[in-house]
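Undergrad: Okay, here's the structure, questions in a sec.
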Amino acid sequence: MASTQCVSLAVQEAHASSSPARAVMSNASVEAHYAVVLVLFLLQKFGTSRVSFMFSPIMGAWTLCTPLVGIYSIIQHYPSIFRALSPHYIFHFFWRNGKEGWLLLGGTVLCITGSEALFADLGHFNRSSIQIAFLLTIYPSLVLTYAGQTAYLIKNPNDHDDGFYKFIPPAMYWPIFIIATLAAVVASQSLISATFSVIKQSVVLDYFPRVKVVHTCSNKEGEVYSAEVSYILMILCVAVILIFGDGKDIGNAFGVVVSLVMLITTILLTLVMIMIWRTPPWLVAVYFTFFTMEGVYSSAVLSKIPEGGWIPFAISFILAFIMFGWFYGRQKKIEYELTHKIDLGRLGLLLSEPGIQRVPGLCFFYSNIQDGLTPIPGHYIKNMKSLHKVTIFTTLRYLLVPKVYLQNCSSCLTSEHHEVQEEISAFEEAKRAGVVHIRGKTRFYIGKNCSWFERSMLAFYEFMHSNCRSALPALGVPPPHRIEVGMLYEA
């Protein structure tokens, strides 16, 4: 999804720059397009709900103007163009062109771009609003626009290099050009939102280094924003635009990534239908027909990989390597903690050893495992020879609720009334004495028996772990109240 986003904006910039307006546009106008891209990313922190008031008029003007121009072109050039909607023409096309027709199919992928990221909008809009918008505005607009371009190209076949701008009447050229440029940038909003959502889910599943994720809407769980992800995407987009400025190469890259995203999504959703939803086999078979169509598209665009299609593969490989390295290191860490975990009985034995002091204060230990404690508390007690009188062991888990109100919190008490009062008094006294939050800062001890693969992956994981965000700042813990306990885990 991140590679799709980077290539998407690059395609749009190249398309605007390669239009006939390029000859009369000044350098300042081209730089203004870059500025629009940067502003788009900077607006993300306000959330989709707050910035959609800017996007809606632009997309409304786009979906209104282009079909009107299409209708004008149809009337002027080829009124019977709607016969092309008949599916029998595609069979005739392949029959007549053979292998060449199959290769030409890869050039039509850009006509359906955007649909591969439709799922991302579900985190920001409900299903009915997406269905209504697509069926009543987007789909009719696309059909009329493409029909108008086709009608023009039938009468003017030599203008195929830039058919969109050439089929526009001269009087409407500049208004359409401005709206098209703005709409192209706004169209990337769904891919930006999708990237935020995918990264957030990857962080929750512990497949990606921790980044700061902000929920920009109090009643929509899927509407999120990450500053780090936004800035990285912005840099990647500008880099792709500057390095691969050739619109043909970027277009090939976009066609490859879109077709493969659709194909992979179909495969994954089919697995979900079979293994999780328990969908009837006949219904799965009906849905799997999309795999055949997308497979044909994907096979057609694979020939474009040497001509720029390798760009999304390079970006995807880097992201996949980061995710695999993080997951590998986390699994090794959890495996060690589960093997050397401390239960309550062992904790009692540690506290009963001679020389262990109970000091005043309130202490929070954060653990990644729910059944028992990580080795960090034992390591702390053995070396510090002390433990706070009131110690709370905490495990954080992600839940699909925006807030937890006080009245919804529950507790289970088994003490008598006077014992409860004593515990509350002890808690208040410990709180007045001082509160500390202890977090483990672990590193791997890589022995001689480790293979080069383990050495390299664990070293990469430690590099990412030392540079990613800590969970304590997200909890609002002041820096003076944080303590990090270092410990070496044997790989």
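Backbone N, Cα and C define each Cβ position, glycine as well.
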Undergrad: Kindly point out the range from 24-43, 284-303 that TrEMBL annotates with transmembrane segment.
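TA: Going through 24-43, 284-303 one by one, TrEMBL flags 284-303 as transmembrane segment.
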Undergrad: Do any residues, 6 or more residues outside the transmembrane segment (55-75), come within under 8 Å Cβ-to-Cβ of it, and if so which ones?
TA: 81-82, 137-138, 140-141, 144-149, 151-152, 167-169, 172, 175-176, 179-180, 182-183, 186-187, 189
Undergrad: Which bits of the chain, at least 6 residues beyond where the transmembrane segment (284-303) starts or stops, bring a Cβ under 8 A of a Cβ in it?
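TA: Same-chain contacts beyond the ends: 102-106, 109, 252, 255-256, 259-260, 262-263, 266-267, 269-270, 273-274, 309.
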Undergrad: Please give the sequence-distant neighbours of the transmembrane segment (132-152): residues at least 6 beyond its ends with Cβ less than 8 Å from one of its Cβ atoms.
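TA: Same-chain contacts beyond the ends: 62-64, 66-67, 69-74, 76-79, 81-82, 84-85, 111, 159, 163-164, 166-167.
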